[in-house]
């Protein structure tokens with residue numbers, strides 16, 4: 001089985017000043033994840049590595065760069081899932097952690113549970129020896145400016161929600177196992193304790209070797225209403241290609257609840273798709289040592305992995 005990885009950096013409206021950084025960030029994440037796969041690593045390791053790369057990148061709404069809640073604090077959600085045995089781990093409303101995806105994987109592997117939240121997740125992180133990152137270190141100037149603008153009486157937080165940047169990855173490895181991972185800072189100026197689709201199995205992501213893996217992005221409450229990730233895999237189980245399954249599910253979400261979003265999908269044969277109903281979504285994929293990436297509908301750049309790695313070392 002030839003390995004494949006697909007990543008996204010969030011669906012919505014990507015403001016001009018963030019386009020270049022978003023492109024570079026998803027390319028870097030895809031190359032890192034593919035590097036794991038090429039060395040014989042698991043799909044699980046690859047998606048975690050790709051998502052960690054984007055959590056560390058301030059261009060995205062995950063880890064460092066997360067948006068702020070109503071009190072001006074970072075609260076993050078993440079999920080990871082293993083398609084081999086349907087094991088999954090997730091965390092929600094976590095603070096002061098640089099890489100929530102790492103904690104989500106520890107929940108999956110070190111507990112009998114699937115989802116830990118807020119204070120409980122914090123205690124678990126301490127028990128696992130995860131270093132605490134001061135909340136201020138996760139806050140970027142962009143996130144703080146947006147939070148302040150949303151506090152103004154005539155502000156329109158909905159307008160800023162379109163420039164989100166949730167991150168995710170899906171992969172299939174040499175052994176044919178699939179996995180997904182998704183991480184986010186959620187909605188700008190959200191209520192304290194709000195948890196969106198990302199941490200919810202079947203909404204923010206799903207992986208099953210019998211069909212494939214998917215990671216979602218977009219309006220969380222809409223995604224939860226239609227259980228978007230599982231819906232896509234259901235369509236694939238009925239014989240649809242990843243692209244058709246993604247489009248069908250996104251169309252249904254838009255028609256049924258008026259929600260917009262984006263998805264990345266890979267099936268157990270290595271076919272992939274990156275589809276979105278929003279204006280933009282940053283995405284990148286590597287298959288057969290070829291990198292493909294884009295942001296706008298119809299945009300698709302292609303490079304060899306060697307050329308991309310050279311560009312990466314030279315600053316993209």
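Cβ from N, Cα, C; glycine included.
Taken verbatim from TrEMBL:
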- 166: active site, nucleophile (ACT_SITE)
- 194, 195, 196, 197, 217, 218, 219, 220: substrate binding site (BINDING)
Binding-site residues: 196, 218, 220 - member with fewest neighbouring CB atoms within 10 Å: 196
Spatial separation of the residue listed as 'active site, nucleophile' from residue 196 (substrate binding site) - C-alpha basis, Å: 11
Rounded Cα separation (Å) that holds between residue 197 (substrate binding site) and residue 166 (active site, nucleophile): 11
In sequence order, the binding-site residues (195, 217, 218) whose C-alpha falls within 10 A of residue 166 (active site, nucleophile): 217, 218
Under 8 Å by Cβ from residue 194 (substrate binding site), counting only residues of that chain that are 6 or more apart: 69, 75, 93, 186, 187
Set of same-chain residues at least 6 away whose C-beta sits under 8 angstroms from residue 195 (substrate binding site): 77, 92, 93, 117, 186
Packing count at residue 166 (active site, nucleophile) (other Cβ atoms within 10 Å of its Cβ): 32
